[in-house]
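For His253, the entry in TrEMBL reads active site, proton acceptor. Annotation comment: TrEMBL describes Tyr26, Tyr131, Arg166, His253, Arg256 as glyoxylate binding site. The feature FMN binding site is assigned by TrEMBL to 79-81, Ser108, Gln129, Thr157, Lys229, Ser251, 284-288, 307-308. For 1-358, the entry in TrEMBL reads domain 'FMN hydroxy acid dehydrogenase'.
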Amino acid sequence: MSKEPVNVNEFQELARQALPKMYYDYYSGGAEDQHTLKENVEAFQRILFRPRVLVDVSRTNLSTNILGYSVPSPVMIAPTAMHKLAHYEGEVATARAAAACNTIMVLSYMSTCTVEEVASSCNGIRFFQVYVYKRRDITAQLVLRAERSGYKAIVLTVDAPRLGRREHDIKNKMIAPQLKNFEGLISTKVTSDEGSNLQAFADGTFDASLSWKDIDWVKSITTLPIIIKGVLTREDAIKAMEVGVAGIVVSNHGARQLDYTPATISVLEEVVQAVKGRVPVFVDGGIRRGTDIFKALALGAQAVLIGRPVVYGLAAKGEYGVRRVIELLKDELELTMALSGCPRLKDITRNHIMTERDRPRCML
Ligand code: FNR
């Protein structure tokens, strides 16, 4: 039995030890120079606190409401593909851990367990993430299956008209396993000798023509609310509201798509200001500490999503590892709230933090 990690970063090291290099590289890597990958984490580190003292924090409450669902903390599980590469139980183990923590899980379109397997594995609030394929009938079928299986929202990922250039995967000739969701519909087993098989698969299937007018089509195939994932600018946030989305995820896909996009935490406030409270804004990318979650909430996010830490927990210790990752982040957030004088989430304000932009003003 390996040692018990005391923070999320320690799970990454255990995952590295547990996984074949090809899979660890797939999970941990980003696009091209991996500038944004680093920046997603480092931008959080440049935000400092302005804690308030002598506030009664003898009782803290982290509970919130996400799309009408009451949850004990503002943390959700981001959609990440192919959990069976991390652990033999795959997304079912992740779902059980999420359910044990009453945490909303967003199941990836590219999951290795089927939509139905995950749904029947345990009770829990789950959303389903969707890519639109050139073969729209496949996307429509998957959305229908998710809706029938009790998923509560569609998370439409819009930052991947094509797959970003992930050089580790190209070098490793990353193999995409057959994805059970698509059995009988399309083969996900592409064998290309040149570079990443995943990229070859995506090139053949993802619909690069997808545009704002197609949101009506997505709406026409489901009665579920649609959250749009992958917005980084005020312009697109406004468009998203115009087409009637139920929520926005500020995301750069964990730095796996366009390199040199800003860290998500750096553009969160721009999006929040454009949205003016009309729909909830969520954020993911680089969240590794409870302090990061606090900073995101202070900048206006209603909740955060975590991607890699979940996969690292799963690879290191299966279902238990995912549970520990969620618990650690929640415990750290709770302590951060106590130490900064915020007993409830609604007590967290913009004044509790200091970004680089604020610093000259504060130094005067
Ligand atoms: C992802 N992400 C992702 N997003 C999505 O919409 N569908 C998907 O299938 C995947 N797959 C995926 C695989 C892996 C290995 C990673 C690391 C990421 C992006 C994911 O939802 C999320 O945006 C980022 O992971 C958030 O950044 P952190 O928490 O990993 O830093």
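Positions of Cβ are set from backbone N, Cα and C atoms, glycine also.
With respect to their backbone Cα atoms, His253 (active site, proton acceptor) and Asp284 (FMN binding site) stand 8 Å from each other. In this structure, the C-alpha atom of Pro79 (FMN binding site) lies 11 angstrom from that of Tyr131 (glyoxylate binding site).
Close to ligand 1, meaning a Cβ under 6 Å from one of its atoms, are these of the binding-site residues Ala81, Tyr131, Arg166, Asp284, Gly286: Ala81, Asp284, Gly286. In the three-state DSSP scheme, Ala81 (FMN binding site) falls into the coil class. In this structure, Lys229 (FMN binding site) is part of a beta strand by DSSP. The secondary structure of His253 (active site, proton acceptor), as reduced to three states from DSSP, is helical. Take the binding-site residues Gly286, Arg288: by the count of other Cβ atoms within 10 Å of each Cβ, the lowest one is Arg288. Close to Ala81 (FMN binding site) in the fold, though at least 6 residues off in sequence, lie Ser108, Tyr109, Met110, Ser111, each with a CB less than 8 Å from its CB.
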